[in-house]
Every structure is written in structure tokens, then in C-alpha cells.
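This report concerns only the one structure given below.
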Amino acid sequence: MEPVVRLRGVSKEFPGVVAVDGVDLDILPGEVHVVAGENGAGKSTLMKLLSQVERPTSGEIYISGERVEFHGPGHARRLGVAMVYQEFALAPHLSVAENLFLGREPGRGGFVNRRAEKEEARGLLRRVGLEVDPDRLVSSLTVAEQQRVEIAKALAIDARVVIMDEPTATLAEKEIEELFEVIRDLTSHGRAVLYISHRLDEIFRIADRVTVMRDGKVVATLPVEELDEAKLVRLMVGREIGNLYPKPEAEIGEVLLRVRGLSRGERLKDCSFEVRAGEILGFAGLVGAGRTELARAVFGADPVDSGEIELEGRPLRIRKPQDAIEAGIGYLTEDRKGEGLALQLGIDQNITLASLPARLGFIGLGRERSIAERRREQLNIRTPSVRRKVQVLSGGNQQKVVVARWLETRARVLFFDEPARGIDVGAKAEMFALIGELAREGRGIVLISSYLPELINMCDRILVMRDGRVAGVLEREEFSEEGIIALATGVKETV
């Protein structure tokens with residue numbers, strides 16, 4: 001079978017860095033070809049070379065047997081290569097139909113035929129399983145719906161290759177399965193899907209072949225049936241990794257945090273739960289179910305209408321995050337770059353930021369550096385200096401800086417909101433080992449995740465949310481993906 005895309009000896013160099021190093025790759029019509037590897041392996045740069053966002057330093061790229069010269073992303077789209085980015089390239093204040101045909105509007109003589117545009121848009125949306133009005137503004141759509149619009153854009157240009165960069169990063173399990181159905185439909189019509197992912201289980205669910213990159217090079221391309229999880233991880237990181245989800249043998253003690261009847265408008269409705277010392281409590285649910293909203297409400301980041309919070313039997317009055325921090329509650333936000341870190345500050349300053357009130361707002365530079373060095377060693381934060389700005393760190397190391405900050409506050413209860421999102425498999429293993437160690441120390445942990453294997457493997461109990469309410473709490477012996485999804489979607493009644 002003739003490859004729809006062929007790369008031969010493709011390299012990309014930036015000042016001081018070889019991001020892609022002599023890559024050979026064939027992509028076949030009708031296949032899902034996963035590109036896997038740790039952060040910094042070269043996956044995203046390779047996708048940018050294919051979609052002509054970046055110009056290769058050397059090497060040759062062929063599409064349908066024709067050698068391609070670099071002329072930019074518009075040229076790549078005309079050749080039938082479409083890219084669906086993690087951060088969608090949609091105009092939020094235009095309608096769905098306008099986004100689908102932006103720059104290619106149907107009509108004559110400078111006049112747009114809106115009726116034809118809407119009719120064609122409906123057909124494209126049906127093909128990706130999206131039942132929305134083409135006149136709706138993109139800004140009113142959910143993340144999952146916007147992603148479908150991006151895929152419909154690829155169909156609108158009759159793309160032969162659709163590149164998807166971490167497409168499930170912000171999707172719940174039900175939405176992931178719906179996306180996979182769309183992908184299977186694309187490949188059944190002869191289109192190739194080039195798919196970047198960190199998530200091991202979904203690689204085995206969706207891939208036909210897997211190319212593994214490490215340090216800018218291709219280390220293997222194999223049919224998925226020739227791989228298992230251990231072999232794939234070994235190829236990705238170049239070493240053995242133990243259990244990715246090391247369930248801690250922690251002694252579960254008395255109730256640390258008790259929340260009763262927490263409500264906030266339509267977002268949270270009479271939510272109650274408990275977290276015990278040494279326990280990892282999971283929060284599961286679809287996107288928008290209220291998991292993050294509940295954590296933010298307990299932390300004082302969002303106001304509540306009613307409810308009670310107790311820590312170690314003491315009633316708390318939490319009106320702002322500072323109240324929660326002083327009481328001993330920490331929250332590691334899912335948006336570490338937007339809310340969790342001061343990117344322009346050094347690692348040392350970020351680590352001591354939340355604990356300054358306990359030090360009356362003052363800390364000497366020597367003491368600050370000493371604290372940061374201790375946490376760097378404890379958490380294996382990879383950096384030549386704690387004075388470096390946080391923005392230059394990898395996602396996994398940035399996440400460790402956030403953890404170090406909360407350890408410095410001596411928090412008794414820690415909320416981890418999507419702690420593994422956007423970090424590679426090696427960093428994930430370290431992150432979950434750390435969460436387990438914190439539980440063994442007797443802290444109460446709340447783990448919020450859209451990725452059910454994380455919750456099922458790490459948690460002692462799982463609280464499932466639906467439409468702002470607690471739909472049920474499952475004990476460990478009751479865990480199953482089907483049971484969690486049933487509660488989250490309302491197929492199963494509240495328990």
C-alpha cells in the first residue's frame with residue numbers, strides 16, 4: 001500500500017537543540033498511527049513539520065508520492081493535511097458554519113451563500129456526530145463540541161491526513177469514546193489519523209501502529225498488537241518504570257475533612273463528603289459535573305451559598321484561599337500555568353509563596369534558597385538552579401514545584417486537580433508515587449481526574465458527581481469503569 005505521507009531523514013534544529021533528528025516515517029491510508037514519547041521527545045515538532053508550521057532543517061516529506069516544498073500551513077491544508085491542536089484554532093465569536101468555511105465561503109461574485117453554507121455545515125457536523133445548529137456561536141459550545149467542529153473543518157477541506165495532538169486531554173470518558181467512534185469512521189473512509197498521546201490505555205484502544213520517539217529520534221515503529229504497556233513504557237523512557245499507579249499501603253485514620261451541604265447556585269447542590277487521614281478520595285464525573293467547582297469552594301476560591309466545613313473536628317469559616325491555607329488545606333489547580341504558578345518568578349520564590357503568611361510575610365534569601373534546595377532534592381525537580389524561572393521547566397517539573405509549595409505550608413488535606421494532565425509517563429509515575437507517599441504520611445488526599453484508570457488504581461473511595469450533585473460514593477471493592485460512568489451519566493441511580 002502506498003503511504004499517504006512519507007518522511008525521509010527529516011530533522012529540525014533550533015539554536016542549541018536538535019528537536020527532530022533524522023526521522024523516517026510512513027503513514028498509511030486508513031490507519032490510526034500513534035506517535036508516543038515523553039515530553040521533549042520531538043512529537044509536537046514533528047507534527048508542526050508535517051503541517052508546515054515549521055520548516056525542516058533537512059530531509060524530505062512526500063504526500064501521496066509527491067515531494068512537498070515548504071510554503072506554510074495553508075499549503076499543507078491544500079495538500080490535504082489538517083491539524084487539530086490541543087488549543088483549538090477556532091474563532092469563538094463566529095458561528096459554527098462560519099468557522100467551517102472561513103476563507104472558503106460558498107458563493108459567487110464576492111457574495112456568500114449563507115443557505116448553502118448552513119446546509120453543507122449540517123452535513124459535515126452529522127459526519128462527526130455533532131447535532132448543533134450551524135448558526136450557534138462557537139463560544140457557546142463545550143470543549144468536546146469544539147473539538148468536533150475542528151474535525152469537521154478537516155472534512156471540509158477533504159483532508160487525507162488528520163493530525164490530532166493529545167485530543168483527549170480535556171475530555172471525560174464518555175466523550176473520549178465518542179471521539180474514538182469519529183476517528184474509526186474517518187479511517188473507514190480511507191483517511192489516515194496521526195495521533196499524539198501520553199495515555200497508555202487509549203493507545204491500545206485506538207492505534208493500528210505506534211511510532212515511539214525519544215530524544216528527537218524514532219526508536220521503533222510497531223503494530224500495536226506487538227506491544228504491551230511495559231514494552232511501550234520502556235521504549236518511551238529508555239528504562240524500566242515500576243508500577244505507574246503505586247497504590248499506597250497507608251493506614252486510614254480518623255476523619256480529617258468533613259464537608260456538609262455545600263451549595264453554590266446551580267453549580268453545586270447540597271454536596272457532602274469526608275476525607276480521612278491516609279485516604280485518597282477520588283472525584284469522578286463528566287466535564288462540567290462540578291468536581292473542580294467543589295474543590296474550589298472548599299478552598300475558598302469561589303463563594304458558596306450554604307454549607308459547613310470542618311477540619312479535624314474544628315468548624316472552619318473559609319471565605320478566601322488564605323483562610324483555607326492557614327487552616328491546613330491545599331489545592332493544586334488543574335491550570336498550573338494560569339493559576340498555580342508565577343511563571344516569571346524563580347523556582348525558589350514559587351515554592352515559598354504560599355507559606356509566607358506563616359512567616360509573617362518575610363523570608364530571607366538564604367532561607368528561601370535552602371528550602372527550595374531541600375524540596376528540589378526531595379521531589380527530584382530537574383533543574384541546574386533553584387533560581388531559574390519556572391516557565392523554562394517541563395510540565396512534570398512545574399507540577400513538582402506546585403507540590404513543593406503546598407508541602408511547605410504543612411497542609412493536612414491536599415486537593416490534586418488533574419495532576420497528571422500534560423506530563424509524560426515518567427513524570428506521572430513520580431507524581432503518583434509522591435501522592436502515595438503523602439497519604440502514607442497521614443495526609444488526606446483528594447484526587448480529581450477525568451482518567452478513570454488513575455482513580456481506580458490510586459483511590460480508596462471514589463465520589464462520583466453529576467450535574468453539581470454527589471451521585472454516589474464507591475468503595476474500593478465496587479470500583480469499575482462501567483459503574484463510575486453509569487453514575488456519572490445518570491444511567492444508574494444515586495447510591
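Glycine is no exception: its Cβ is also placed from the backbone N, Cα and C atoms.
Here is what Swiss-Prot says about this protein:
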{"type": "BINDING", "residues": "Gly37, Glu38, Asn39, Gly40, Ala41, Gly42, Lys43, Ser44", "note": "ATP binding site"}
{"type": "DOMAIN", "residues": "5-240", "note": "domain 'ABC transporter 1'"}
{"type": "DOMAIN", "residues": "250-492", "note": "domain 'ABC transporter 2'"}
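The DSSP secondary structure for Lys43 (ATP binding site) is helix.
Minimal Cβ crowding within 10 Å, among the binding-site residues Asn39, Ser44, is found at Asn39. Figure note: comparing Cβ neighbours within 10 Å for the binding-site residues Gly37, Glu38, the maximum is reached by Gly37.
For the binding-site residues Gly40, Gly42, the ranking by surrounding Cβ atoms (within 10 Å, all protein chains) places Gly42 first. Within its own chain, Lys43 (ATP binding site) has Val35, Ala36, Gly37, Ile196, Met213 as residues 6 or more apart in sequence whose C-beta sits under 8 angstroms from its own. Per-residue confidence over the domain 'ABC transporter 1' (5-240) averages out at a pLDDT of 87. Neighbour count (other Cβ atoms within 10 Å of the Cβ, all protein chains): 25 for Ala41 (ATP binding site). In sequence order, Met213, Arg214, Asp424 are the residues of the same chain, not among Gly37, Glu38, Asn39, Gly40, Ala41, Gly42, Lys43, Ser44, whose CB sits within 8 A of the CB centroid for the ATP site.
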